[in-house]
Amino acid sequence: MTEPDATRDPGAPAPGSSSVPPPATRREARARAAAGWAAGAPDAPAPGVTGPGAVPADVPDAPDAHAVVITGPSPARRYGRGRVVVAAATSAVLVAAVAIAGVQLRAAGERAAEAEQRAEAMGLAAELASAEDDFLADRQRAADLDASRRSADAGRAAREQAAAEEAARVAAEQAAAEAARAAEEQAAADAAAAAAAEEATRRGAASGAPAGAPSSPGIAGWVDGRPVDAEGNVLWVTSVPTADGDGSNGNMPASAMCQVPWGTDQLGFAQYLRCDAAEALTALNEAFRAQFGASIDMDLTYRSYADQVAMKAAFGGLAAAPGTSSHGLGTALDVQEWPGTYGFGTARYDWLVANGPAYGWYAPARVRQGQPYEEYWHFEYGPGRTS
Ligand SMILES: [Zn+2]
């Protein structure tokens, strides 16, 4: 603080003026009084003393810190240099105290702010740690779940693999067993067939079976060149045309006859028809197969004169007179005598009657249902005819 200089004090009174101006405010008055009292000024009334310039009764005993902002005439002029120094020092101390208090206040504020920041940082850190813990826990749960799922998958795959291997093993065993069984059955069938062929050959040779005659379990033996069943009944079969035939009924030359290429009778005997009839029957049979999924079941076709004579002897009035049967010309077909399959009114019979004429084959009127000689099994070849 600059020491007051009375000579340069702008507040100094003009020369010749010895009077002090009255205090402008009550505060100023109070400050003057306090300063004067503290310095022991003889012209300053003590607090509480009445009189000109006296301080009101409510003036405090201690000097006011605000005294440093005194305005007006210089204190040095009024109270002397020593008092001013004391007042200035006091003011300096007070200002310093205020400054220190302010610094301390700022420091405290800064510490509080730092503490608050630290607390906030700690809170954030805790929050972060908590979030991190949650994240790690979630990741651990996901990893556990994944591991559990992988384990379950592996277990399932292992079970499926084991089941597949077991199934493959069982299938292989079954296939091997079936193959062995099939081989056994085949061997047994082969042995039975060989034995049957041997027996048939032996019997045929013994009874004079014709060359090329089929062997069949249904043929028990041969009598006069004809097959017989176990009871000795003749099994009437299709005759084989001979090379020396003269072309008459029952004597068709082999050169005019054709073997039906797609079937035999049930005993395995070949079927023979005049070649044009055989060709037409083959075409008819193709249509029949398309309709029923199987070929026509043939029984008898060509019949030699000798066989016609033998049949007349066996059946009497039921057989045609020898030399008159269409079978002797190779233009007749008897299907199997199966009434449930080819009998009147069956699907096959009706189909053959309806579709046969388109191929030259028809059911003659004399053997239709209700006629004296009805034979559902008998058909004849005659292009253009329908009955
Ligand atoms: Zn017939």
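Positions of Cβ are set from backbone N, Cα and C atoms, glycine also.
Look at TrEMBL and you will find 10-19, 32-61, 203-221 tagged as compositional bias 'Low complexity'. Per TrEMBL, domain 'D-alanyl-D-alanine carboxypeptidase-like core' is recorded for 271-382. According to TrEMBL, the region 'Disordered' annotation covers 1-61, 203-224. Among the features that TrEMBL reports, transmembrane segment is placed at 84-103.
Secondary structure of the domain 'D-alanyl-D-alanine carboxypeptidase-like core' (271-382), assigned with DSSP and counted as helix (H, G, I), strand (E, B) and coil, comes to 56 helix, 17 strand, 39 coil.
The predicted model assigns the domain 'D-alanyl-D-alanine carboxypeptidase-like core' (271-382) a mean pLDDT of 97.
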